[in-house]
Amino acid sequence: MNHGDDCCTTAEDGAQSDQQQPLILERVEEETAKSWQSVVSQCLNKHCLCTPKKAKSKLLGFVPILKWLPRYQLREWLLGDAMSGLIVGILLVPQSIAYSLLASQDPIYGLYTSFFSSIIYALLGTSRHISVGIFGVLCLLVGQVVDRELALAGYLTESAILNSNNSTVLLAGQGNGNVGVGCDRSCYAITVGATVTFTAGVYQVLMGIFQVGFVSVYLSDSLLSGFATGASLTILTSQFKYLLGLKIPRPQGWFTLFKTWYSLLTNLSNTNICDLVTSMVCLLILIPTKELNNRFKAKLKAPIPFELFVVVIATVASHFGRFNSDYGSGVAGDIPTGFLPPQLPMWSLIPNIAVDAFSIAIVGFAITVSLSEMFAKKHGYTVDANQELYAIGFCNILPSFFRCFTTSAALTKTLVKESTGCQTQISGLVSALVLLLVLLVIAPLFYSLQKCVLAAIILVNLRGALRKFTDIPSMWRVNRVDTSIWLITMATSALVNTELGLLVGVLVSALCVLGRTQRAQVLELGRATTREHYEDLSSYRGLRTHPGVAVFRYEAPIYYANQSLFKKSLYRCVGLDPVKEKTRLMKFKRKNKQQGEVARVPNMKSGGTEGAGKEDGFEAGATVTSVLCNKSSRSLRSLVIDCSAILFLDTAGVNALKEVLKDYEELGIKVVLARCNISVLDALERGGYYPIKKGWDGGENKIMFFTIADAVHYVQSLSANGDYDSKC
């Protein structure tokens, strides 16, 4: 019986000893470094070697329609594609004409833009659902550049032209010598717009060549949403002059929102009553009908094109009512049929608009990729961000030769396209056919269409962006940081400058990420009662701590910007600042030494008194040292730092950990690290944090552990064996 008990006890002790053994893993040996010649050779073979199979793969990847068109399911998909393409094409007609105003262009160029972009994206795009064409924010950005260059070239402002007998007056021809005498204001405006579009497209294609599609991940949803909302406020303000029939120029520079409202209020007495009444009637019709479309979109097979009905009715009323000649109402004017011959961009203009084109390229790319990925995720397929760069880049480069301006994906038309049964980009080709019919036959019929009607269409389409203001309370409750980014980006885009808003949004987003690493605090962990698991003591109940051992976690990377904050937070959480502690000890020793020297002179008269003084001095020193080293609530012998949340370390981070190790060990407190990832381990090894020796047997150098429990058991064993004596 006793023998059996001994066997059981031995087995239990063996199992316990097995549990106490730390987890040991062997690192995979790193591959030997290759010479630069072999690396260059591999890169050349990978990217420059051409085989028939590789050439076919590249061609199919660059022109995706060649890949999916042979597998097109005619019976299942054709009806949905044809229906959605027809409806989107009908919607594009009034919107293309309307958004031309925003880009400071004639209506025909908006139709050209929508036509060419629909065809090119169908050939090169990887998304099955997005509708690429005119987008309000990009039209605003292009229009601002066009108006600025028109003013620099010396052309009359829009209001001056409308009040002049000759619409082709050129005030300063010498400022625009390359344009030629035969190029009027409209011609120069589309030349500037096409040059901006060409340059933006080149930027996007270069981004695709250099594989920088990943840039889109740095533009968060809150940033893009705030930017679009802020730009929508600027668009809204810019259209009021058409609603009121006022002839005022578009302001340039910063604070355009305030400048526009000032011009509107000072010229309010010049309101054209005909335009005002027409605008009110159009808004009273369009807003309720749009709401009806949204409310009953589940029951309707396709949205009713009320915009087209309003355009047709308003054009007929303006023509027979002679609103332009009798009441001075602004109209679309002559819209020619057919296509103009291609022309090259104005190369001399590119240095002036290069910076503007870059911001336009970034916005267009970000909007297109974000919408592509959103609908691809919804319908269970993938898109290639770099191929999207090529697609949207060529949607800008090629049409720029045919007098088009910048395009990107548009959310409103994409939603309509998806909801009406779109399956592939065949629907984009159907939309292009509708626009082609308008360009060849119907376009001149829109001569009498009032600009205030087009402005009303733009305002109604801004409802979605403006509704974001009602979501601010819920956004704030979900995430205050993202809401702050949204508010700052929106306010800067609307109140200061549209392009600046995008830059400020990116900087604020980056600072918020850095700020989160700055705000990270060291947390003290406790062990669960039922298993070897450690969590934050301040967040969970029932956790236990180990006597003499404290476990801490830092939930951020340690790098140059937060390494000092890490040390301060750790010292504060431990309750013992080793630097201050060493300073106090040194001051005490100096003071004690001085007192000993003063007491030595009278003590020379009596040997017994001298011995008593030394003894009393020693006891006083020991007492003060004990008080200094035990400032925390419990006697501390060891620190375990859980590094599982530390993503990486730079040189400053490694040095910070080395300082922590050195400072605490000088006070007799053992510091060990646990659960370091491979990146952190490599950084510590390269930074000389701990030595790596052959035949390492797990003695004092064993300071890396894969679990917190192993680290705790190790430091406890040191204290139990007396291998590590605390000086405190």
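We number each residue from 1, going along the chain as drawn.
Just so you know, glycine gets a Cβ as well, placed from its N, Cα and C.
The region 'Disordered' annotation in TrEMBL covers 1-20.
Annotated transmembrane segment per TrEMBL: 77-102 (among others), in sequence order.
Among the features that TrEMBL reports, transmembrane segment is placed at 129-146 (among others). Counting same-chain residues at least six beyond the ends of the transmembrane segment (129-146), those with a Cβ under 8 angstroms from any Cβ of the stretch are 88, 92, 95-96, 99-100, 102-105, 110, 113-114, 117-118, 121, 189, 192-193, 196-197, 227-228, 231-232, 234-235, 238, 250, 252, 256, 353, 356, 359-360, 363-364, 367-368, 371-372, 375-376, 379, 391-392, 395, 405-410, 413-414, 416-418, 422, 428, 431, 458, 461-462, 498-499.
What TrEMBL lists as transmembrane segment is 188-210 (among others).
Beyond the ends of the transmembrane segment (222-244), by six or more residues, the same chain brings 101-102, 136-137, 140-141, 143, 250, 256-257, 260-261, 263-264, 268, 271-272, 275-276, 279, 330, 363, 366-367, 370, 451-452, 454-456, 458-459, 462, 465-466, 468-469, 475, 482-483, 485-495, 498, 501-502, 505-506, 509 to within a C-beta distance below 8 angstroms of the stretch. Summarising the annotation, TrEMBL assigns transmembrane segment to 222-244 (among others).
TrEMBL lists 300-320 (among others) with the feature transmembrane segment. Within the same chain, residues 83, 87, 90-91, 93-95, 97, 278, 282, 285-286, 289-290, 292-293, 329, 331, 416, 419-420, 445-450, 453, 456-457, 460 sit at least 6 positions outside the transmembrane segment (300-320) and bring their C-beta atoms closer than 8 Å to a C-beta of that stretch.
The feature transmembrane segment is assigned by TrEMBL to 349-371 (among others).
For the transmembrane segment (426-447), same-chain residues at least 6 beyond its ends with a Cβ under 8 Å from one of its own Cβ atoms are 72, 77-78, 80-82, 84-86, 88-90, 92-93, 96-97, 107-108, 111-112, 114-115, 118-119, 121-122, 131-132, 311, 315, 319, 331-339, 417. The transmembrane segment feature in TrEMBL is assigned to 426-447 (among others).
Per TrEMBL, the feature transmembrane segment maps to 485-514 (among others). Counting only same-chain residues 6+ beyond the ends of the transmembrane segment (485-514), those with a CB under 8 A from a CB of the stretch are 137, 140-141, 144, 218-220, 222-223, 225-227, 229-231, 233-234, 253-258, 356, 359, 362-363, 468, 472, 475, 561.
Residues or ranges marked as domain 'STAS' in TrEMBL: 539-715. Averaged over the domain 'STAS' (539-715), the predicted model has a pLDDT of 75.
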